[in-house]
Structures are given as structure tokens and as C-alpha cells.
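Visitor: Okay, here's the structure, questions in a sec.
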Amino acid sequence: MRGPLGAVIGRYTSSDGSAPNDGIIKHNRKCRDITFLIIFIAFWVSMIVNSSFGFNQGNPLRLTYGLDYEGNVCGSKHRHRDLTQLEIRYWLNPNQVYESGLKDGELKLANARTICLLDCPAPTDDALNWVCDYPDGEIRLKMNDWIDRNYDYFEFLTPEMRNSSLQLQGPCYPVIFPSVNVYWSCQYIARASNSSLRHWQQMGGVTIQEDMIIDKSIRRSMNSRASVLKRYVADIGKSWPVLIVCGGLVPLFLSIIWLLLIRHFVAAMPWITVVLFNMLLISVTMFYYLKAGWIGNDAVTPIIGEHDPYFHVYGRELTHVRGVAILMTFISVVAILTSIAIIRRILMATSVLKVAAKVIGEVQALIIFPAIPFAMLAIFYMFWISAALHLFSSGQVVQNNCNNTNCCAYDLVLKKVNCDRCCGYSIRYTPHITIAIFFHLFGCYWATQFFIASSATVIAGSVASYYWAQGEASPEIPFLPVFASMKRLARYNLGSVALGSLIVSFVESVRFILEAIRRRTKVSGTTPDHWFWRMAHYTSRGCLKSVEWTIKSVNRNAYIMIAITGKSFCKSSAIATELIMSNILRIGKVNVIGDVILFLGKLCVSLFSALFGFLMLDSHRYRDSHNKVSSPLLPVLACWALGYIVATLFFAVVEMSIDTIILSFCQDSEENQGNAQHAPPLLLETLDSNQEEEVHQKSRSMGSRRNFCSHPDHPGTNNF
């Protein structure tokens, strides 16, 4: 049986039982759940080792740029060749590109000869342009001179080299088809230049069909799932200034402003929060409509730089943006209808927030405290994102095995046509890289939950001091209660916090894996057909989501009891659950309404961060220049997620204040035969008004029921 906790969380009696001594959360504590603290430390060591592998093997430029015929990454500096300025990949041989698009073709696009250029070459009417291999061997040109000559040194070729070039075996290749820069790769336009083709035929070149569909294989390669995923991950690296501003500084500023407004204008804040939430949600939805091309002419495009306005290239990113726009429309409609439904409950939320505002006014350091976990998380995320970019690009560049496919090319060093090692290069990912990436993702979620839980525990300990001192700013409250609570957490309860955050992370990971399996089976068409298995399929998803929500709720209350009692995580969870179940009818509705308003407040901060992210990504820096992002989708989503995490840290001041006071009230009532001795008057007023409203609603409902049953004309009633 759980005994009274007054001896550990409030004024506790002396050893002889004669007189109460003064003390707030002062008792003999000891370290709890040490095993899980050791596991957490070991996990961090593993994270560092895992990240060091990515830093050693990865190159984030691989996520954006392609490889040339030597296996070099375009846009980067290599030992024997500096390609820093040459960012665009170009396929030299049009016949190889065409053959790779054929259904029965033996040559794959990955084995077609590619080179890194400064821009996409274009044919001219008065002469035949050439793009030649990097100058080597007998070609005595520097790279800068080669670039200045538009990659053309055909006039310096020997008769043997010229004959090889006319056979499309290099070292120079004709520019017959125009091309456009699509995500740093030159995509051919299936419209051959008549004058260039005529010049080519007059020189005795091999046959090049002018009406062939040459852009099929390149388009298919650019829209593959792997390519789209790489571009999305690369967008995060390119938009790091946006993440710092919109994912860190903007939500930090807005969260502090929100807490100050709660402190001084608490009566108006629920109304402001609901109205602002709906306005921001509609604004973000409109931005998605703009990027989807449904409003205006600012749709997401895969083409970089100037191009023919009548030429359009399809990209998967546009489809994804349009899907999100439809989803946001549905969410906006539901949000507006829900806001109308909870208008009557907003007054109750105002009463609950007044209690938290009173606490913030007394323990003013609570407003500033979340800046500490915010700084820690900011440092962690900078390290984590950098390591993630390197892990995603940590595959090995290897030469393909093309099984003697016709890929022969002239070698300037060997001075002959080489058919032995002419295959292209690709990046090969081993299974352990996939495991390392998932390990890295899990580590991010666990670390985030750990920091949030630690912050919540510190706040709970500070607010408990306020409650059990009867809400007085007296010497009984420890000097600087926030720092006293931090000291207790660091000394005794880090293991318990590590366990709680691990449970949430594990359940969320299981749900993510099952959802991924569900999507995979849905795509492959293996979803259960029988109604029973289909019902079990969707029921399991709902149950897992409910379990996740319940665990998060239990964890939050467990952190409160950890801060107050110093018990282990499991014991604190049991105490908190018993207290809540014993008083669920009295505190349930008050707590739920307060949580709804706080949740909407977090969404306001995160939506504003997303909106500001849209505005920053709409600048020239991220639209047409070197740092162009393929789609604003993932950077905006990252801004939203980071904004929500920052808001969670700061809004926990209000959230944990309410929950801590309510749990302390439950314990206080239990120890004093239903009459809380330390409860703030505002809390008693809120709970009493809530109870009176419920009684009034029940009596009104019973009265209407009696009138309904006693009506003489109602069928099915008994008239005596």
C-alpha cells in the first residue's frame, strides 16, 4: 500500500510527532534506475562512434551532384582534378542515352559516359559544337582554358582521335540535342538541332536519329525514389540558415512572448490562441497551394536557371507538394470545425491558465529556465544533422560491371580506344549503412525525449516547492528553486528520466516500423482482403497509437512524481496513475481542456516557424542559385518539427505547472480527508466551478428525461 507522502513533499512532522517542521521536498533520496542511465551513456558513446564513421566515409555533395566517367563527384575537389566549379553532370553520347531508355536495351544509364560541366551545352546554327573529355595526355590544356573554350578542343585532335570522335567513342562528342539543367544534370530535350545534325552527317559521323525519344531514361532516373530521397536530404543541408532562424530563433522568441502574455494577459490568451491557430493553418495551406501551382505561377520546378517557358519537366516533388496541400486543406477544415465546438470550454481553460500564471509570477526563473535545455538541444541537433548528412552519403564509389556492353571510349593517356574498363560509376550502399542510419534516427528521438523529460522534471520540482509552501513567496521555498530542482535531477533522477524517454522512443519506433510495413504491403498489393484480417489490421494500428498516447501521458505524470518523491520511474508511474484515477471525475475535464489550449499554442509557434520558413525559402538564394532546394517540403517540415520541440520546452512551464499542481492537489486531498490544505485559491475556484457545471448539466439532463417520459402523448409511456 502507498503511504502518505506528506513527509517528503510538504511540511513533515518531527520524530516525536509533536510539532511540524518546515521543509519543502527535503528527505533522504538515492539514485534510481542507474542501469538505464548506464545504458543511455553507452548509447551516446555508440552514437559518437556511429557518427565518426559517417564523417570519415561520407560526402554530402554526393546527395546533390552526379559522378563523371572517372568516378569523381561533380562540384568537389579531388586529388588529381579540381571540379569545384563544375557542378552539372552531362551525358556525352546521345546514342548511349537513347539505348538506355529502350525496354530491351543492354546498356543502363549508369554506364553511359558522363562529364562535369559548368553549364549545359547548346547547339548552334552556324557550326557544330563539341564537348570533349577532360584534357589529358597529348592535349596540353589547363582546366580553365578548357572551360573558356566551351569544353571544345576538337581542332587539336589527331586524325585517329577525330575518326574515333565521329564514331561517338571520344574524346570529343557532338552537341546535337539541346539540354536543360534539371537538378544539376543536363536532361536532353527530344528536339534535335537540324543544322548541327546536318554538319554531323557531312563530317561522316555515325547515324543519330533526330526523332528518337532521348529524354526517357534520364527523366526516369531523376524521378526514382532513391534520387528524390537524396535531394530531400540534401535540401536540409542547403537550408541550414533557414533551420537556425525558423527552427531555433523564431520559436524561441515566440515561446518567450507567449509565456509573458500568459503571465500578464491570461484571460485573452485562449481566444487569441484559437483564432491565431486557424489563421496560421490557413496561411500555410495557401503557401502549399502556391507551390503546387494551383494559385499563381510559382509552382515547384526541377529546372534550374533560365529555360524555355514552353518546356516543362515533371518532378515527383510537385506531386508530393500537391498531396500535402490536399492534406492541409482537410486539416484546416477539421480544425475550424473543432475550434467552433470548443468555444464553450475556453472559459474553463482560462481559469486553469490563471493558476499557471500565478505560479510563473511567483517562480519567475521558470520563464528563463527552458533556454538551458534549448541550448543543449541546439548543439545536439547541429551535430546530429551534420552526422546524418554524412551517413546518408557514406556509400562507396565503385565502378559498375556492365558485362562487356558497348561502352568503348578513347583514352587520352593510353592513346587508344579502351573497352576494358569503360563502365560507369555508382555509389554502393552496404546493409550496415542502413542500420547505422536507423540507429542514428532512433538516437535523435531518444535524445530529444530525454531533454524534454529532464526539463519537465525540473519544472515539476520547482512548482511542487511553490504548492507545498501554500503558494507563498516565503523562505520555505528553496532559494532559486529551479536550480535546486536541477541539482536533484542531476544527482538522483537521470536514470528514471532515461527509462521514461526510452519507453516512449521504443513504442514510437515500433509504430513507425509497422506503419512502414503497412505502406510497403499496400504498394505491393498484399493488404488483407478478408474483412476480419482487414479489421484486425486497422484495429492494431489504432491500439498502438492509443498505447503511445497513454504512455506519453503516464510518463509526464511520472516525471512529476519523480521530482516530488524521488521514487523510481515505475513506482512514480504507479503513484501518479492511482492519484489520477482516484480523482478523475474532479480534475479530468479541467486538465484536458488546458492541454488542448496548450497544444494549440505549440502548433501556433510551429506553424509560424513553417510560414517564416516558406518566406525564407522563397528568396533567390534557394530558388535559382547554387543553393536551390528541390522542394520546400522537407525544410518547412523540419522548421515545423523544430519549432514544435522548442515550443514544447517552453510551454512545459505552463503544462507541467498545471499538472504538478493538480497532482499535488490530489495527494493533498487524500492526506487530509478530501480537504486540500495547501491548494491555491484559484485552483479550488476552478475545480468547484467545474463541479457545479457538471451537476447543473446532469440535473438539466435528468429533468429533460423526466419531461420526455411523462409526456402523455409520447408513445411507449405508461399513464396511470
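Using the three backbone atoms N, Cα and C, a Cβ is placed for every residue, glycine included.
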Visitor: Scan 437-462, 489-514 against TrEMBL and say which stretch is down as transmembrane segment.
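Guide: Comparing 437-462, 489-514 with TrEMBL, transmembrane segment matches 489-514.
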Visitor: Please identify the stretch among 34-55, 240-261, 324-343, 363-384, 633-654 with the greatest number of Cβ pairs below 8 Å relative to the transmembrane segment (268-290).
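Guide: When the Cβ pairs under 8 Å are tallied, 324-343 comes out ahead.
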Visitor: Please give the sequence-distant neighbours of the transmembrane segment (324-343): residues at least 6 beyond its ends with Cβ less than 8 Å from one of its Cβ atoms.
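Guide: Residues 274, 277-278, 281-282, 284-285, 288-289, 291-292, 294, 593, 596, 633 contact the transmembrane segment (324-343) from elsewhere in the chain.
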Visitor: Is the transmembrane segment (489-514) in contact with the transmembrane segment (363-384), using at least 3 Cβ pairs under 8 Å (sequence separation of 6 or more) as the test?
Guide: no
Visitor: Would you kindly check 34-55, 489-514, 596-617 and say which stretch has the most C-beta pairs under 8 angstroms to the transmembrane segment (240-261)?
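Guide: Stretch with maximum Cβ contacts: 596-617.
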Visitor: Are the transmembrane segment (596-617) and the transmembrane segment (489-514) close enough that 3 or more Cβ pairs fall under 8 Å, when only pairs 6 or more apart in sequence count?
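Guide: They are not in contact.
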